[in-house]
Amino acid sequence: MATLLRSKLSNVATSVSHKSQAKMSGMFARMGFQAATDEEAVGFAHCDDLDMEHRQGLQMDILKSEGSEEGGEPPLEGDIHYQRDGTGPLPPSASKEACSELSGQGKPKITAWEAGWNVTNAIQGMFVLGLPYAILHGGYLGLFLIIFAAVVCCYTGKILIACLYEENEDGEIVRVRDSYVDIANACCAPRFPTLGGRIVNVAQIIELVMTCILYVVVSGNLMYNSFPNLPVSQKSWSIIATAVLLPCAFLKNLKAVSKFSLLCTLAHFVINILVIAYCLSRARDWAWDKVKFYIDVKKFPISIGIIVFSYTSQIFLPSLEGNMQNPKEFHCMMNWTHIAACILKGLFALVAYLTWADETKEVITDNLPSTIRAVVNIFLVAKALLSYPLPFFAAVEVLERSLFQDGNRAFFPNCYGGDGRLKSWGLTLRCALVVFTLLMAIYVPHFALLMGLTGSLTGAGLCFLLPSLFHLKLLWRKLLWHHVFFDVAIFVIGGICSVSGFIHSLEGLIEAFRTNAED
């Protein structure tokens, strides 16, 4: 009788696990891999949050080990460990980590090539259009910085993933954390167990909202320069773009939007090839003498932010690595993706600057002849408008969960009714966020300034400062001296670049505000 009862309990638990697996598979299919085909890949960052919420709410029945079913004594809790592949016994009081591993079985996995595609999209997006402008103010030092940023971001991505793992009592390396937020919270525990996660969430929200603003800015800029003879100003084009984007406030999921992501990304690569082809056609007129070893002291710090922002991908790497079929291939994948990005970005920025030299504009496509510019810019505007919902939806989800859905710790009442529908005032707040991105785009219509500010503030923090700090905090006892040296050097250099770029970008924004106020 006891054996039969245990068998039923095991069957029930297996059924619950299978249902949770199916639910998680659906989430990742809708919100993870498909959404991550966009250049920001914010779907994976958002998927981290959905994954964590589901695991926290998952109620598992008590599972008995096979040894206990055969009549043996259950193993002591202190002797129990779990492994990444889900093998190994589970303690009677299943820990959150064990439950997360068990619920993670059955999720669709991606190959190293697919993971590399997502990373490539994140660091080879349309914001590379601002890199020639960085060369304008940095010369050969700007090219060096493109290479240096690739090396550092590749390294910090690897050490960030290393912070997800710890060595258990048997000397095995196991995954004990699942996201950037988990790492941050572990570093601030036990005194401030949630402080680190809140800092990372704030940085993520800022980066996502600023990305939305950049899409509106670049849409207005491209349309204005594509049709300069029309009596429509850049601000008016931004308003038209925002009117098209207003339905984003009604988004419930990204299933429909994500279908266009792959097509948009492929179109962007074609546009890059067209720009490079045009530049190569004018190779005889390249101004090699304009590329020098000097920097514009006032504007080069802004260029640092532009370059750093073009490499940001750390926020979704933990989720990406957790969904790889073979996580051991992660380091190799990071190497070839960042090497490829470094080569392509360097060549694109150099040949574009050599073609237009001192006339290089903030968005390089504005330098193209009018016959080509209109076609290329329309494609880029379509890509920007279709990309806008991804960071917007992720920012909304983080804000709603932090301020309205965080249980007893929520600052405001739940914005969803009992039937799961969004309340009218919650919809109003979403619309207000869309309008906010428009107002910022109108009052600061400077692509390079906004990109530099974002890269200096959140890009440097998430890519340079926090990974190196977390690596030192969590694994300092096991680090070799050269790892400690690299981490400290990256933290110091990243901090200096971040502060310098932020100050100069902020000065530029204040000046832009004053100019607009006078107008």
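Going from the start of the chain as shown, residues are counted 1 onward.
Note that Cβ sites are derived from N, Cα and C of the backbone, with glycine treated the same way.
Given the ranges 237-257, 300-320, the record in TrEMBL names 300-320 as transmembrane segment. With pairs at least 6 apart in sequence, the transmembrane segment (205-224) and the transmembrane segment (374-399) have 3 or more Cβ pairs within the 8 Å limit; the two touch. Most Cβ pairs under 8 Å to the transmembrane segment (332-354), among the stretches 141-165, 205-224, 427-444, belong to 141-165. The stretch from 300-320, 427-444, 484-503 with the most CB pairs below 8 A to the transmembrane segment (450-472) is 300-320. Proximity of the transmembrane segment (300-320) to the transmembrane segment (141-165) is established through 3 or more Cβ-Cβ distances under 8 Å for residue pairs spaced 6 or more apart.
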